[in-house]
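Engineer: Input: one structure, supplied below.
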Amino acid sequence: MKKLLMVLMTLCTLIAGIAQAELDNPGGVGGLESLRGSTLLEDTRAADNMKKYPREHTLESDYVYQPPLIPHNIRNYEVSLNANKCLACHSWKNAKEMGATKISVTHFVNREDAVLADVSPRRYFCLQCHVPQADAKPLVENKFESVDSLR
């Protein structure tokens, strides 16, 4: 009888320990949270809301041919030799369906001024010219003055 009682007590202690370990380690990830957040890999996290600008409202420019700012978060957007996430929404094919601004016709002209059927390689890497809008404190004083004709 003592042996049976001892085995039952050991079994109960073991089960309680396992249950406590699972409470301390939900999902079995060691208490770590990935850059995706707590979303499981099988789940898809909802996309961040993008800022909507009325069509009649344009972002201010400080100089002629200034590339427009990107009015949404671009974290984890792949823009590489093999993929350009920007074109998923801003290409001429997808822009209307996605409600995005089409890329400029100037992006289809190569350096010899030949018009191409697809985006020119020199314009493929959007982030060379376009930057995300940010409400950030300047790191250094900005003494830039807008072009007089744009004021």
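Backbone N, Cα and C atoms are what each Cβ position is placed from, and that goes for glycine too.
Per TrEMBL, the features are:
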SIGNAL    1-21  signal peptide
BINDING   H72, C86, C89, H90  heme c 1 binding site
BINDING   H107, C126, C129, H130  heme c 2 binding site
Engineer: Rounded to an integer, what is the Cα-Cα distance in Å between H72 (heme c 1 binding site) and C129 (heme c 2 binding site)?
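Structural biologist: Each residue's Cα considered, H72 (heme c 1 binding site) and C129 (heme c 2 binding site) end up 15 Å apart.
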Engineer: Taking the centroid of the Cβ atoms of H107, C126, C129, H130 (heme c 2 site), which other same-chain residues have Cβ within 8 Å of it?
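Structural biologist: Close Cβ neighbours, site residues excluded: P67, C86, I103, R123, F125, L127, Q128.
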Engineer: Using all protein chains shown, find which of the binding-site residues H72, H90, H107, H130 scores highest when you count other CB atoms within 10 A of its CB.
Structural biologist: H90
Engineer: Give me the non-local Cβ neighbours of C89 (heme c 1 binding site): same chain, 6+ apart in sequence, Cβ-Cβ under 8 Å, ordered along the sequence.
Structural biologist: A95, M98, A100
Engineer: Round to a whole number and give the Cα-to-Cα distance in Å for the pair H130 (heme c 2 binding site) and C86 (heme c 1 binding site).
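Structural biologist: A Cα-Cα distance of 11 Å.
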Engineer: When you measure from the Cβ of C129 (heme c 2 binding site), which residues in the chain that are at least 6 apart have a Cβ under 8 Å away?
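Structural biologist: For C129 (heme c 2 binding site), the qualifying residues are P67.
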Engineer: As a test of the contact definition, list every same-chain residue at least 6 positions from C126 (heme c 2 binding site) whose Cβ is closer than 8 Å to its Cβ.
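Structural biologist: For C126 (heme c 2 binding site), the qualifying residues are V79, N84, C86.
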Engineer: Taking 8 Å from the centroid of the Cβ atoms of H72, C86, C89, H90 as the cut-off, which other residues in that chain fall inside it around the heme c 1 site?
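Structural biologist: For the heme c 1 site, the extra neighbours are I70, K85, L87, A88, M98, A100, T101.
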